[in-house]
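Encoded as structure tokens, the structure appears first; notes follow it.
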């Protein structure tokens, strides 16, 4: 068993002979874990450099819009020619689309000739429409005139140009198939217009293939995993007002309200939290059912704008949404059953929350202090999100080497060119993937770091309250928070950086192992065997237990860092000894209280999700220019942001309880089972004298 902390405990005598209170907080401090602090500073420098690469190489428009036959991004007003309003990608040559959809074809859709348009063209009822290349060379039309003529200048072509157009070599291509706007690409509908096709054949055009293949080829490209991932990232950029309101402002407001209610209505809060949690999780699950199309007719549609109601196009996003709906159903059932199970122990949670309510009432600045890390995290998340969008869209646009026998008419060279007719694609180098992973890790580490800093400051403030006998003085209400913040900034930033790094590292290992498991799963019978399933579930459970244990140890280590000023590992050792020696006391006091606090965080984050659903269901995000591909990713991000904000504010209550309990245990051990510094108000809040006697004596 470790020895007493000695001179750092309790009061100490200053050089002028005056006895000072709270020596454990102020005495014997020096900078700790300097190496970890240097690593954290180097990490921030690397984050800035990494983000600079993204801002230099990326273009978020690539996440939403496709490329044309010149390699321009549709919708890019800086392209040549300017495409500011031309956001839809349209494949001009239907035979190339058909060829790309054949099973054994070497020709890919990415090499099919595409152009950026304002709207998806529809075949004429009485004639033949054309979609011609951007006007250049001898075609003396401005881009505005080209748009006003519905991209058709066939009548101005020379006989040579008309002949190449009838061979599907441009510069004009017939509109034979109807198309609809599916996620900013014109999805062909495999039913050719009889009128247009008749005019085309009468003019002597080459045979155009009619088959469902032409539909499936584009549909497959639009719903590829990489395309869906890009759309999910683009949804974040489009729904940024939703993230600010539902991921920042709303959880901030709800968290402050929850703290105020804990302060004034502590007896009712456990009941309110449990009931509200069940209402919210049922509401969120029902919203998923609505958007999945299983309740009502409000399922998400990949088609943007007005379209034929008989045309049904489904995207991979709907499959993802339905999978999450099933998952939410299971979570809802488990959550409701768990809530019923803890009803009998809510009275115990009430007695635990009284401890935090008493401390918050005395150290009043604790209610508003989380605004500081909240503001820092808000600025960080805005910078990080912008950098993430640029990193995900970074890469070089290069022309493919398709080795295909295709020819197109070059308006500038005034001849048919068969050398450079392949399409363009974005080339991603391996280091871009590493940059994205580093960026994701950086977000998690920075979040853990700021949350840890907030927790340590709260712990230091509460410890000051405890070791001053709980007396209200000029220092306790406000200055203790600033004093605790000063001690953190001067002595313990390295220790906090080390603790947050350990949590982030363990979580990253779990993520990498999960990714490796998916890559190694090459045969279904291995995964379907009960041995494989048991091994997988056991490994997942083991890793989650390690993660939970480390987070728990870290939280108690931050408390001892705030109290004693020790290094991270020394503080962890002290906290572990205290917990092991007083496991029954801490377990009895904390378990139910932690459950109620966890449900409170979920209430805030689920409320954010509900309001995110409501905002994303408005016309702005369900149709038109800012239409999101799916509400799934913005809602999940709002939930995560709401949970993070709630964690910052609820840490006031969590750390108050844990700090008081650990300080009480330490006080009891140092004074032979009698806590000398426990304030009378705290003793009254914890319970009667017999309860105090049982706590101080512990189990024999």
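Just so it is clear, glycine is given a Cβ too, placed from its N, Cα and C backbone atoms.
Keep in mind the model is a prediction, meaning the values are calculated, not measured.
Taken from TrEMBL, the feature transmembrane segment covers 34-55 (among others).
Distant neighbours of the transmembrane segment (239-259): 269, 360, 367, 370-371, 374, 378, 385, 600, 603-605, 607-609, 611-612, 615-616, 621, 626, 628, 634, 637-638, 640-642, 645-646, 648-650, 652-653; these residues of the same chain sit at least 6 beyond its ends, with a Cβ under 8 Å from one of its Cβ atoms. What TrEMBL lists as transmembrane segment is 239-259 (among others).
Listed by sequence, the residues of this chain that lie at least six past the ends of the transmembrane segment (271-290) yet keep a Cβ under 8 A from its Cβ atoms are 261, 265, 296, 298, 321, 324-325, 328-329, 331-332, 335-336, 339, 342-343, 346, 596, 599-600, 602-603, 606-607, 609-610, 613. Marked as transmembrane segment by TrEMBL: 271-290 (among others).
Positions annotated as transmembrane segment by TrEMBL: 323-343 (among others).
Look at TrEMBL and you will find 363-384 (among others) tagged as transmembrane segment.
Note on the transmembrane segment (445-467): residues 10, 21-25, 40, 43, 47, 359, 362-363, 365-366, 369-370, 372-373, 376-377, 380, 384, 475-476, 480-481, 483-485, 487-488, 492-493, 496-497, 499-501, 503-504, 554-555, 558-559, 561-563, 644, 647-648, 651-652, 654-656, 658-660, 663-664, 667, 677-679, 682 of its chain, located 6 or more positions outside it, place their CB under 8 angstroms from a CB of the stretch. What TrEMBL records for 445-467 (among others) is transmembrane segment.
Summarising the annotation, TrEMBL assigns transmembrane segment to 488-513 (among others).
Annotated transmembrane segment per TrEMBL: 591-612 (among others), in sequence order.
If you look up TrEMBL, you'll see 632-653 (among others) marked as transmembrane segment.
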Distant-in-sequence neighbours of the transmembrane segment (632-653), which means Cβ under 8 A and at least six residues beyond its ends: 232-233, 235-236, 239, 242-243, 246-248, 250-252, 254-256, 258-259, 262, 317, 320-321, 324, 353, 356, 360, 366-367, 369-370, 373-374, 377, 381, 447, 450-451, 454-455, 458, 597, 600-602, 604-609, 611-613, 616
